[in-house]
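Everything on this sheet refers to the single structure shown next.
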Amino acid sequence: MDKNLTEDSSSPPPPRPKWRKVAYGGMQTGYDDNYTDETFLDEMVMNANVVRRDLLKVMKDSISISQYLSIVALVVLVWFHTLQSSLDENSLLLLDLSLLALGFLVLLLTEEKMLSLTLLLRYLTNITFFTTGLYILAPVYQTLTRSISSDSIWAVTVSLLMLHLFLHDYSGTTIRAPGALKSPSLTSCISVNASVVASVFVASRLNSRGHVFGVMLFSLQVFLFAPLVSYCIKKFSFGLHLVFSFGLLGLTLYAVYVVHRLLFVLFLVVVVVVNVVCPYWLIRMQEFKFEINGPWDEAKLCFDITD
């Protein structure tokens, strides 16, 4: 009896079952819950999803930012000249009509396949109602902030413009383009609202109803439709987009230089930083990006789930 017990105690333990790599199999007998075998690091991949960027391409993409900065700067210059009474009502209304006609011409030339007579008539009808509503509400805008000090108005206006520039969608448009499948994002809508409120604050400091109507119409035309026109030009021809952007940038630099040389230097520095320094900085940072992927990552579905 004792001899049998001795033989049983000296017999080798049963072999452990082979470890299997399973996601939801529970604990396996003979292995800890966090056990990994020697092949665990064989599937490790470094920088698999890191996008290698080209400096010239990044600089070309950043032109859209400087283009819109030029547009906003031109709007501010029109505000400045209107507040200084150096731009009369007739000139302001002529500028509004010229921009509206030019915008429709660009849409006709670049989106002729997407635009139809019905769509154009709908655009014209909406613009008619929009313009009529602005003219009726001009006296309301004129007296809207009469009880608020000018310092507060200018501080809030500058803050709203900064918010507008920060949230603006520089790769898309503020309104849905003809034939587009996606609508503008939430941040883009907030950006547009900020620019509209800033325009109302500026218009409320003007003295005549005609100036209020002209400034509001000009501001809304630019903030709502200028991104659409720029988007259509870029989609139609990238070369034409570059020509339009550089022409607009040159016009803005000249207009700012006429107003004040210090502002010209500051705007030129901003353009250089946006188009040269930031792209170079982004390319340099790519060298220090280090991403590790392996079997420890969460599983990702490789197909779309549809109802």
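Note that Cβ sites are derived from N, Cα and C of the backbone, with glycine treated the same way.
Proximity of distant same-chain residues to the transmembrane segment (62-80), defined by a Cβ-Cβ separation under 8 Å and at least 6 residues beyond the stretch ends, is recorded for 87, 92, 95, 161, 164-165, 168, 170-171, 202, 215, 218-219, 222-223, 226-227, 230, 234, 241-242, 244-245, 248-249, 251-252, 255-256, 259, 267, 270-271, 274-275, 278-279. Per TrEMBL, transmembrane segment is recorded for 62-80 (among others).
Residues or ranges marked as transmembrane segment in TrEMBL: 92-109 (among others).
Under the heading transmembrane segment, TrEMBL lists 121-141 (among others).
According to TrEMBL, the feature transmembrane segment maps to 153-171 (among others). Beyond the transmembrane segment (153-171), the same-chain residues lying 6 or more positions past its ends with a Cβ under 8 Å from any Cβ of the stretch are 64-65, 68-69, 72, 76, 145, 184-185, 187-188, 190-192, 194-195, 197-198, 201-202, 204-205, 223, 227.
Below 8 angstroms of C-beta separation, residues 79, 83, 138, 141-146, 153, 156-157, 160-161, 163-169, 172-176, 211-212, 215-216, 219-220, 223-224 of the same chain, each at least six residues beyond the ends of the transmembrane segment (183-204), sit close to that stretch. If you look up TrEMBL, you'll see 183-204 (among others) marked as transmembrane segment.
What TrEMBL lists as transmembrane segment is 210-231 (among others). Beyond the transmembrane segment (210-231), the same-chain residues lying 6 or more positions past its ends with a Cβ under 8 Å from any Cβ of the stretch are 64, 67-68, 71, 74-75, 78-79, 82, 89, 92-93, 95-96, 99-100, 103, 106-107, 130-131, 134-135, 138-139, 141-142, 164, 168-169, 172-175, 177, 192, 195-196, 199-200, 202-204, 241, 244.
TrEMBL lists 238-257 (among others) with the feature transmembrane segment.
According to TrEMBL, the transmembrane segment annotation covers 263-283 (among others). Outside the transmembrane segment (263-283), and at least 6 residues removed from its termini, the chain residues within Cβ reach (under 8 Å) are 53, 55, 58-59, 62-63, 65-66, 69, 73, 249, 252-253, 256-257.
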